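Chemist: Mind having a look at this structure? Questions to follow.
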Amino acid sequence: MPTVDDVLEQVGEFGWFQKRTFLFLCLISAILAPIYLGIVFLGFTPDHRCRSPGVDELSQRCGWSPEEELNYTVPGLGATDGAFVRQCMRYEVDWNQSSLGCVDPLASLAPNRSHLPLGPCQHGWVYDTPGSSIVTEFNLVCADAWKVDLFQSCVNLGFFLGSLGVGYIADRFGRKLCLLLTTLINAVSGVLTAVAPDYTSMLLFRLLQGLVSKGSWMSGYTLITEFVGSGYRRTVAILYQVAFSVGLVALSGVAYAIPNWRWLQLTVSLPTFLCLFYYWCVPESPRWLLSQKRNTDAVKIMDNIAQKNGKLPPADLKMLSLDEDVTEKLSPSLADLFRTPNLRKHTFILMFLWFTCSVLYQGLILHMGATGGNVYLDFFYSSLVEFPAAFVILVTIDRVGRIYPMAASNLAAGVASVILIFVPQDLHWLTIVLSCVGRMGATIVLQMICLVNAELYPTFVRNLGVMVCSALCDVGGIITPFMVFRLMEVWQPLPLIVFGVLGLLAGGMTLLLPETKGVALPETIEDAENLRRKAKPKESKIYLQVQTSELKGP
C-alpha cells in the first residue's frame with residue numbers, strides 16, 4: 001500500500017500546491033515576530049524626568065531653552081551615576097514661589113544644590129519622545145520599571161503553557177482546526193491589547209496572545225512539513241523560520257512609521273485576521289487524516305494535490321496508508337529521558353542549550369534596544385543577519401555537520417557578548433557589529449537545535465524529548481527581560497557578562513553531543529546509546545521496562 005511520501009514522489013514533493021501553501025503559511029510565521037519582540041518598540045523607555053508643578057510656567061516666564069530648564073530644575077545632571085536621581089527624583093521645591101529668579105533660581109534657596117532635599121516623583125514624568133509607548137502611557141519607570149519586564153515575560157509564559165495544550169489540540173482535532181482557532185484568538189487578543197484601558201487588562205490580553213500565538217506558529221510549521229516530500233522537508237522548515245525574520249525586518253519599518261504603541265499594536269494585529277481565509281485555501285494534513293482512519297478524505301486531498309501540480313495520481317491512490325508500524329507501540333514517560341547514561345547526558349545538555357540560545361537571542365536584542373542609539377536602525381540591522389544565518393545552516397548542515405557549526409555559533413555569541421563590555425560608547429558602529437555577530441550565532445543555534453534535538457532520541461520518546469527540552473527555551477524567555485533590565489540597574493555590563501558565560505559554556509557543552517550527520521534516526525534505546533560508538537554485542541544491549549499500548553484502555 002502506498003504511503004503519503006510514496007504518492008508525493010509521483011505527484012510532486014514541492015510542486016505548485018506546496019509552494020502556494022508554503023507562501024500562505026509564511027504569513028503565520030511572520031506574524032509571530034511582533035508578538036515575540038515587539039516589546040523593543042511597545043515598551044521603549046525614553047529619557048525622562050519628574051514632572052514638577054510650576055516648572056513649565058517658570059520656564060515660559062523666563063524664556064529658558066530646554067537645556068537651561070533641565071540644568072536649573074533637574075537633579076543629578078552630569079553625575080556619572082546620576083541616572084536614577086535624574087529620572088526618578090525631584091527637588092522638593094515650590095516652583096510657584098515668586099522669589100525664584102530666572103538665573104539659577106535655586107541659588108536663593110541653598111548655596112549648593114546638593115544640600116536641597118530630594119523626593120520621589122509625585123506628579124508623573126516628562127518624557128523626551130514625540131511618540132508613546134506602554135512606558136510613557138502607564139508610567140512604567142523607576143519603582144514600576146519591572147512591569148515592562150513582566151509584560152514581556154507574560155508572552156513567554158503563554159508560549160510555555162500554550163505549546164503543551166495546543167500540541168494536544170493539533171493531534172486530537174487536526175492541524176487545520178487548531179491553526180484556525182489559535183489564529184482567531186491571536187487576532188482578537190492582539191486587538192484587545194491595543195485598546196486595553198489599563199495595565200492589568202493589557203497584561204491579561206498579552207498573556208492570552210502568548211497562549212495561542214506560538215501554537216499557531218507550530219501548527220503552520222507542522223502543516224507545511226507534512227505537505228512536502230521528505231527531500232524538501234528540512235529546507236522548507238528552515239525557510240518557514242526565515243519568514244519570521246522577514247517579519248522582524250518589516251516590524252522595524254512599521255514601528256518607525258507608527259510611533260504610537262496602540263496604533264502599532266493594532267497595525268501588526270489586524271493582518272492576523274487574513275489567516276482565517278486558510279479555511280478555504282489550506283486543506284487538512286492528509287497524514288493526520290490517515291492517523292484518524294479518515295482515508296477517504298486523505299485520498300481526496302492527495303488527488304487535489306496531484307491536480308494542482310499538474311500530475312496524474314497513482315492508480316493505487318485509494319489504498320493510501322500511513323508508513324508506520326501498527327503493531328505494539330511503546331508509551332513513553334518522562335523518566336525514559338533520564339534512565340540511561342547517554343540519554344540522561346543528552347537531555348541535560350539539550351535543555352541547557354535551549355535555555356541558553358533563548359537567553360542569548362532575546363537578551364542581545366533587548367540589551368541593544370536599551371543602550372541608546374537609533375532603536376529602529378539598530379533593530380533593522382540586527383534583523384538582517386538572520387538571513388545569512390539561514391544560508392549558513394543550509395550550506396553547512398549536510399557538509400560540515402550539526403555539532404561543530406552549532407558549537408562555533410554558541411562560542412561566537414559568547415565571545416561577542418564579552419567584547420561588547422569593553423567597547424567605548426562613541427564606537428556605536430562596533431557595538432552594532434558585535435551585537436549582530438552575537439545574534440547571528442544565537443539564530444543559527446536556535447534553528448539547528450530543533451533538528452539535533454529530534455535526531456538524538458529514539459522513536460518512541462522523540463516527540464516527548466523535543467517537547468521537554470524545548471520548554472526550557474520558553475523558561476529562558478520568561479526570565480530574560482528581568483535578567484537584562486534589572487541587572488543593568490546594578491551594573492550596565494552585567495547582562496553581557498552573563499551572556500558571555502552562557503555562550504562559552506554552551507559552546508563547550510555542544511561538543512559533548514554526538515554528530516548525527518549521515519546517521520539514521522535512532523529507533524531503539526540501544527541506537528540512541530551507541531550514536532558515538534559501534535554497536536555493542538547483543539548480550540550487552542540496554543533494554544527499558546516500559547508500558548505498552550495493551551496496558552491502556554481503549
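Each residue, glycine too, has its Cβ placed from N, Cα and C.
According to Swiss-Prot, the topological domain 'Cytoplasmic' annotation covers 1-21, 171-176, 230-237, 284-347, 396-402, 453-464, 514-554, on the basis of sequence analysis. According to Swiss-Prot, the feature transmembrane segment maps to 22-42, 150-170, 177-197, 207-229, 238-258, 263-283, 348-368, 375-395, 403-423, 432-452, 465-485, 493-513, an assignment based on sequence analysis. Per Swiss-Prot, the feature N-linked glycosylation site maps to Asn71. Per Swiss-Prot, the feature topological domain 'Extracellular' maps to 198-206, 259-262, 369-374, 424-431, 486-492 (among others). The feature motif 'Proline-rich sequence' is assigned by Swiss-Prot to 283-287. According to Swiss-Prot, the feature phosphoserine maps to Ser333.
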Chemist: For the C-alpha pair, I'd like the distance in angstrom between the residue listed as 'phosphoserine' and Asn71 (N-linked glycosylation site), rounded off.
Modeler: 65
Chemist: Could you pull out which residues elsewhere in the chain have a CB under 8 Å from any CB of the transmembrane segment (493-513), counting only those six or more residues past its ends?
Modeler: 345-346, 349-350, 352-353, 356-357, 359-360, 363-364, 367, 403, 406-415, 417-418, 420-421, 438, 441, 445, 452, 456, 483-484, 487
Chemist: Output the single range from 22-42, 150-170, 238-258, 375-395, 432-452 maximising the number of Cβ pairs under 8 Å to the transmembrane segment (465-485).
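Modeler: Between the stretches 22-42, 150-170, 238-258, 375-395, 432-452, 150-170 has the largest tally.
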Chemist: Within 10 Å of the Cβ of Asn71 (N-linked glycosylation site), how many other Cβ atoms can you find? Include all protein chains, please.
Modeler: 13
Chemist: Need the DSSP three-state call for Asn71 (N-linked glycosylation site) to compare against my parser.
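Modeler: In three-state terms, Asn71 (N-linked glycosylation site) counts as helix.
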Chemist: If we call contact 3 or more Cβ pairs under 8 Å (sequence gap 6 or more), are the transmembrane segment (207-229) and the transmembrane segment (432-452) touching?
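Modeler: No, the stretches stay apart by this measure.
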Chemist: Using DSSP and collapsing to three states, where does the residue listed as 'phosphoserine' fall: helix, strand or coil?
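Modeler: Assignment for the residue listed as 'phosphoserine' reads coil.
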Chemist: Is it the case that the transmembrane segment (375-395) and the transmembrane segment (177-197) have 3 or more CB pairs under 8 Å, with pairs at least 6 apart in sequence?
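Modeler: They do not touch: fewer than three Cβ pairs between the two stretches lie under 8 Å.
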Chemist: Could you count the residues of the topological domain 'Extracellular' (369-374) that DSSP puts in helix, in strand and in coil?
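Modeler: In the topological domain 'Extracellular' (369-374), the DSSP-based counts are 2 helix, 0 strand, 4 coil.
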Chemist: Counting only residues 6 or more past its boundaries, what in the same chain has a CB within less than 8 Å of a CB in the transmembrane segment (432-452)?
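Modeler: Residues packing against the transmembrane segment (432-452) from afar: 234, 237-238, 241, 245, 350, 353-354, 356-358, 360-361, 364-365, 367-368, 373, 378, 381-382, 384-386, 388-390, 392-393, 397, 402-403, 405-406, 408-413, 416-417, 419-420, 423, 466, 470, 473, 499, 503, 506, 513, 516.
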Chemist: List, by number or range, the same-chain residues at least 6 past the topological domain 'Cytoplasmic' (171-176) whose CB is under 8 A from its CB atoms?
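Modeler: Residues packing against the topological domain 'Cytoplasmic' (171-176) from afar: 219, 222-223, 226, 278-279, 282-285, 288-289, 292.
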Chemist: Counting across all protein chains present, how many other Cβ atoms fall within 10 Å of the Cβ of the residue listed as 'phosphoserine'?
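Modeler: Excluding its own Cβ, the number within 10 Å is 13.
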Chemist: So, by DSSP, how many helix, strand and coil residues make up the topological domain 'Extracellular' (424-431)?
Modeler: 4 helix, 0 strand, 4 coil
